[in-house]
Structures are given as C-alpha cells and as structure tokens.
Amino acid sequence: MDMKVIEKLKANKKLVVVIGLVIGIFLLPYLTIPGLILWWFYKKSKFSKKFKTIATTAVCGLFIVLMTLGIIAYAKDEVPHLSVTEPASTASIKAQQIAIKGTYDPTDRKVWVNGKEIAASNGSFETQYQLKEGENKIEVTAGNWKRARVNLIVTRELTDEELAARVTPTPSIMQETTPSDSTTSGNQQSVNRNLEDARVIKVVDGDTVTVSIGGKSETIRIIGINTPETVDPRKSVECFGQKASDKAREQLNGKAVQLEADATQGERDKYSRLLRFVWLDNGTVDFGAMMIQEGYAYEYTYSTPYSYQAKYKELQKEAEQGKRGLWADNACPVQTNTSTNVTSSTAPSNNPTTSSSGQTTTTYSGSGDKDCKDFMTHSEAQAYFNSKGGSPTNNVDNLDADHDGIACESLPS
C-alpha cells in the first residue's frame, strides 16, 4: 500500500474506525464473531500465554481448513443438466393448472419451481402448478450450490365457459347497449363509461346510499331518480317510501357496485353527497333505471338535464301505463285537502282533478302572491307550487327557501 495512504489513515483514525465497522458488519457471520471470541479468549482468559497461543492457532487453523474444503467442494460442484419436457418454454393454455415435467443429471440434485422445492428422484420430476389468468413466469432450477435454470412463460387463456360468463348479457332497457345510428335514448351514453368500483355499506333510502370507495366512506345521491320520503325528520313516511327503501336494500346492501359520474350534474350536491349513477352486475344493470321501470321511483331532474334523462322519462311513462309499483291503482290514495278559512283575500281554492295515471291530485285556481302562512299543510303548499310550474329553478312565490323543489318544508305534512 502507498505510504502516503497509510500516513493519511493514521492521521484520520475516525475514517479507519468507520472502514473497520463496515468490513466487520459485512463479514459478521464468518470472521467478526469468531475473531471477537478468539480475541476475548486470548486477552481475557486466565490460561497461560503458551496455551492460549496454541489454542488460538488451532482454532484458526481449523477455520482455514474448513474454508478451504468448502471452496474445493464448490469448485468441484457441477452445474447439472436440466431439461423441462412439459410444457414448452412459451405456451398458451386454457386449463387452470398444468403439469411441469422434466429430467436432470446428476440424479442426486434437488429441484425447485419458483423457489419452492418439489419432489424429485432418479433424475426426473413432475409437479402440478396453479396458473393465474394471463401471463405466468415460471423458473425451474436444479442443483446444490451451482444450479441450472429453465425459464417458462405460460399464458392462461379463459375457457369457453369463462368467456361466456363474462360476455355482457343481452341488452335490455336497463343494460349497457351499443347504439346504432338511429339510437337516441339514454342508453347511447352507456358506452365507454368511466366506472368506479365501490361497495354498498348502507342503504339510506331508495335514492341515497353509503358506499366504501378505496376504504373511504361516501354518501351517494343517485342521479335521475327520486323515491318517496322515509328518513327526513321533518316529514312523515310517504306512500310507497318504505317499499322503495326495501327494494333498494334488497338490490344493493353489501353489494359491489360501479359508480358513474355525470359532468352535467357536478361532483356533489349542497349536502356534500356525491352525485352518481349506480350500476350493478359489473356495470351492466342501471339501478336507477330499474327503480323507475318497476315503479319504485320517479324520474327526477334537479336543474339541468342529465345523461340518461330521455331514457328515464320513457321508463316512467311505461311504468305509469303499466300501472307498476306506486303507479298501480290505489297504491297511493291521495288525501283530499279541505281548505279552511284563510284570512288572505287570495286564498287558494282546491279543485281536485284526475291525472292521466288515474290518481287524484290537487290544483289551484286564482291569482296573487302566496306565502307559506296561506296554507295549512306542506302537501297543500306543494300542490299549489307544482300547479304553478314550481321547480328548483322556478321558485314560485318564493315558497321554496332552499331551492330544492320542496315548498314550505316547515309546515306539517
């Protein structure tokens, strides 16, 4: 070693200590621990110096002999000949598992598949290997210290039965369809949808659910539908509300679902709920459409048209004509509101009329600005609000304080 380097090392004892520690840690199992034991024995034991010298020399000699034998054994160890006879090095297979077969020589070697030792004897081996879908990289090795390696790439393809199970079901009004040039319904937007996986952890009511998205809990207000009220503390349970909630629980509770956003509706509503469509069965069944089609929900447009509005309106029309669910005869008898004396000179007069669905509703005639105090109940105020074309964007007579389409919410139902 260069004398200048030695002089620098002598002058910088800290550097020497650091280098010594690094080398010591690296050689810890082989030299450091035995060396420390020998140093302790030579320096601290009460034996005579001659005995300690002989003993230390003998141990060091034995260590050198063992190391030499190990090196010789490694040098003489042959890399075995390994041949994998099945499968081919690159293969495509539809089965869920394969047999890996081969031979090796010398016959006293061990064999591993992807690091796991397998049974082998008399120079041959065979084992079953479970495949995952897609590409499987398999390494077969044989030997003791020196090993031979054969790398396989086996691609597992889906069986005909598995492919059939994954094919999108026959399109229906509630399922994803591929639009033709003449298709103009809401189904047309169900192609190339960007869906987000989630799991339903609670059904609040027919149009609101709580889901887990990536471990985070979120409340979802389902776009495009509205079901009769069951949980608002300001209101009594509305007709068919419990049945709608029960239907939602039956379809959604604990289920894996896919969520679809709609850029026309924004990310969240004023209650910080995520606004999403909810899809079932790997994105093939539109839950909102199903609820409307079976008569458990109304089509609902909050302020601006949403992607599937045309489809949902058509589904509601079909449900009304088919008298399904809440549209069935006498499913929700309408309570006739009899107006009592109201001090306002413009008090509304009730004129029950029959809608196209056969249900009795309440409309109002007369003119003049109305206030919530002019009505006895919320139902009465809502009927007036609706008859004048009220909506979240058309606040008739300022009866809808929070612009949610519900008039005079403070009044009793």
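Here, residue 1 is simply the first one shown, and the rest follow in order.
Placed from the backbone N, Cα and C atoms, the Cβ positions cover glycine too.
Keep in mind the model is a prediction, meaning the values are calculated, not measured.
In TrEMBL, the annotation region 'Disordered' applies to 383-404, one of the ranges 163-184, 383-404. Taking H, G and I as helix, E and B as strand and the rest as coil, DSSP gives the compositional bias 'Polar residues' (384-397) the counts 6 helix, 2 strand, 6 coil. Residue counts of the domain 'TNase-like' (194-329) by helix, strand and coil are 35 helix, 43 strand, 58 coil (DSSP-based). Mean pLDDT, taken over the domain 'TNase-like' (194-329), works out to 88 on the 0 to 100 scale.
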